[in-house]
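S.K.: If you look up TrEMBL, you'll see A:61-268 marked as domain 'ABC transmembrane type-1'. According to TrEMBL, the feature transmembrane segment maps to A:12-41, A:61-87, A:99-125, A:137-157, A:198-223, A:243-263.
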């Protein structure tokens with residue numbers, strides 16, 4: 001970071017702000033994290049590993065990863081489609097559409113699970129039809145996927161809309177006028193432009209998909225070794241007075257969260273490198289084009 | 001509701017496909033399930049719906065839920081701004097690690113967050129013991145709810161502001177400084193208007209997520225009727241009494257309030273963006289003004 | 001995209017139906033019962049193998065009792081339910097999944113073991129808490145799970161209410177007053193039994209924790225015996241844990257015979273010993289006598305005797321506007 005003497009804050013302000021920021025993060029973020037690991041290792045590393053070696057813990061991890069893997073492609077496709085329509089075109093009702101996309105954030109996770117019970121439960125709207133056709137949605141993988149889709153619904157779209165708006169239509173219009181087909185334009189122009197922003201949306205959605213408890217809990221059925229995700233497994237262990245097991249499983253989720261964070265760091269690093277290369281390649285008067293890349297850093 | 005875009009957008013393909021896919025997906029995953037829930041409350045007469053929605057405990061729970069969410073969102077807005085500013089502008093050791101941690105509240109199951117925070121902030125906890133000496137009780141009071149909500153929604157404001165602060169062009173600050181503005185004046189008059197829309201978005205997302213939050217809150221709230229009972233807990237309480245319709249009635253009340261709030265803010269943003277766009281058309285020289293900063297992301 | 005969508009959906013459905021296609025028993029149960037059935041299931045598998053030569057796979061689902069009952073009503077294919085209060089099975093009977101007269105299908109009100117509500121106090125009982133009326137005294141802090149939202153809390157609430165009723169001159173009005181006094185001493189309501197225990201043991205809040213007798217042993221396992229004492233009140237409630245066959249499911253799956261045998265086996269010597277080993281009071285007099293040291297005699301009343309059954313108790317006390325709400329919302 002270059003020092004901007006004319007525009008920078010006095011030294012004491014910088015120190016104060018840094019102190020306040022780090023203090024706040026320490027109190028509300030770092031300390032809880034330390035506490036989670038503290039509990040997990042309360043009886044030493046061996047107890048920790050024993051807890052994670054349990055077959056139910058492993059099947060819960062597998063299920064959590066499966067759900068995330070199924071959910072993400074759906075939300076990526078939706079996010080790209082929604083952002084394309086909203087960011088590149090003008091139409092009436094845009095604010096309403098954006099609000100509807102935001103809405104799943106405001107719905108309590110328990111209610112998010114409940115709405116799928118109301119639809120697909122045995123007493124629900126489609127219940128008798130599903131039972132008659134032997135289709136299992138609730139208390140099986142599809143229901144858990146649906147609930148997770150719902151709670152992670154806005155992330156990718158919310159990430160891409162402002163990015164694509166900032167990029168404007170010029171590049172795509174140029175591609176079309178040069179005779180590219182719609183798909184060629186998408187793969188060759190749009191996707192390369194948004195790939196890092198997309199990645200960031202996916203990372204956030206992924207973290208939330210793996211950590212979600214409330215909604216999935218309602219539709220899971222809690223069958224041990226079958227429909228318990230890692231967060232559900234954590235709750236059950238805690239209720240059974242298996243504190244070590246519960247917190248050990250929680251640290252796995254924290255690690256999974258951190259893995260996505262590592263991915264994010266790699267993404268950002270490559271992004272920065274790309275920006276630098278672009279900036280270096282372009283003659284100075286053209287650098288105004290690069291902000292589209294610079295804005296991608298979330 | 002969504003007529004075809006104006007002619008000048010006609011060059012780009014994929015509007016129908018994008019919007020069509022968006023609407024289909026939105027309808028299937030969000031509108032139909034939420035509609036089903038609203039239909040469910042149709043089984044109630046208006047009078048009994050009103051009785052449930054305005055029962056004394058329900059009213060008290062709205063106050064607690066929306067009050068604590070507002071408080072938490074404001075705290076996150078203030079400290080989130082400082083954190084985002086520090087993370088973008090000031091170098092300090094371990095910055096990359098701290099930056100990476102910000103997303104963690106999404107990955108950790110909310111129940112683990114609640115249990116851990118309650119332990120930390122209880123009167124014999126790592127943090128709580130110091131607060132207890134000052135006569136401040138956090139765990140098992142409405143303040144505890146605020147702490148949990150600050151944790152769960154912490155990423156939103158930081159992550160919305162970071163890219164926008166990064167996008168601020170050095171020239172803007174330099175110009176203000178060279179015109180004799182103090183650093184504080186530059187911040188309040190020049191920088192703040194630019195980042196305000198993003199700040200508002202982050203605040204909104206944090207606020208709406210806080211309203212729905214359940215898993216972490218119940219472990220630290222104390223759950224006393226009329227004092228520290230959140231609306232999602234009342235919904236659960238009704239479910240525990242096998243009162244599904246009463247539960248959906250409360251959920252619908254929350255949904256309507258959240259929807260109205262989100263729509264207002266989205267319209268506000270859209271209006272602000274348009275105003276800026278028009279301003280920029282009239283005076284292109286001011287293109288470095290916050291027009292480019294209007295959009296934000298979660 | 002559409003292709004991918006349908007492919008993934010198909011994969012998901014295949015996964016789901018595959019998991020359910022095997023012939024086996026699913027026991028849907030409340031959340032702290034895991035240890036009970038983890039030990040019991042192998043016993044039954046062995047017994048069934050010896051008796052019929054068949055191997056039976058047993059699957060477990062644990063969660064909040066009412067939540068589990070709702071899941072079964074909403075289509076979770078439980079062959080048998082083993083709950084911690086009758087309301088939850090009553091609800092399933094009402095929905096037509098379980099026989100209306102399920103308490104008569106098995107001995108002892110269909111409850112193979114019982115427990116009761118006891119007090120956990122700090123070592124040495126510094127506040128000299130001996131009975132329910134000591135908890136209602138000013139200056140005592142009481143920790144219980146939410147009386148309206150948790151089975152554990154509901155039992156505590158009814159136990160205190162029943163105690164007040166049985167005092168000389170006790171009636172509903174005096175009982176409500178007494179329970180109101182008692183709840184005034186609760187600085188918080190735990191979100192569940194486990195959460196209340198953590199608050200009491202780890203966060204050191206409160207003078208007394210009211211919980212199931214069986215939980216006391218789990219507390220000892222997690223936190224050691226050095227820090228608390230168990231106090232038996234003069235009178236408490238008999239917590240029954242009803243079991244039932246889900247008719248609709250066993251008829252569809254053709255598992256009625258094995259489901260019946262599974263639940264019956266809970267009353268066998270092995271089943272009763274297993275209950276006692278998990279700190280639940282066995283029904284079998286002999287097994288109870290053998291473990292007498294673990295289960296001191298205590299005078300109890302049942303929900304049926306004092307409240308006329310769980311559904312009536314739930315309607316009077318826990319439904320919206322019931323006695324619990326009245327304590328907090330005085331109009």
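Backbone N, Cα and C define each Cβ position, glycine as well.
Let's see these features in context: how buried, what's close, how far.
M.R.: Listed as Cβ neighbours of the transmembrane segment (A:137-157) (distance under 8 Å, sequence separation of 6 or more from its ends, same chain) are residues 63, 66-68, 70-71, 74-76, 78-80, 82-83, 86, 101-102, 104-105, 107, 109, 112-113, 115-117, 120-121, 124, 130, 198, 201-202, 204-205, 208-209, 212, 215-216, 218-221, 223, 227, 229.
Sequence-distant neighbours of the transmembrane segment (A:198-223) (same chain, 6+ residues past either end, Cβ-Cβ under 8 Å): 64-65, 67-68, 71-72, 75-76, 79-80, 108-110, 112-114, 116-117, 138-140, 143-144, 146-148, 150-152, 155-160, 191, 229-232, 235-236, 253, 256-257, 260-261, 263-264, 267, 296, 298.
Nonlocal intrachain contacts for the transmembrane segment (A:243-263), taken as residues 6+ away from its ends with a CB within less than 8 angstroms of a stretch CB, comprise 33, 36-37, 39-40, 42-43, 47-48, 51-52, 54, 57, 60-61, 64, 199, 203, 206-207, 210-211, 230-231, 233-235, 237.
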S.K.: Residues of the same chain, at least six outside the transmembrane segment (A:61-87), with any C-beta under 8 angstroms of its C-beta?
M.R.: 94, 97-98, 101, 141, 144-145, 148-149, 152-153, 155-157, 159-165, 167, 190, 194, 198, 201-202, 205-206, 209-210, 216, 226-231, 252-253, 256
S.K.: Do any residues of this chain, six or more beyond the ends of the transmembrane segment (A:12-41), have a C-beta under 8 angstroms from a C-beta of it, and if so which?
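M.R.: Beyond its ends, the transmembrane segment (A:12-41) has Cβ neighbours at 48, 243-244, 247-248, 250-251, 254.
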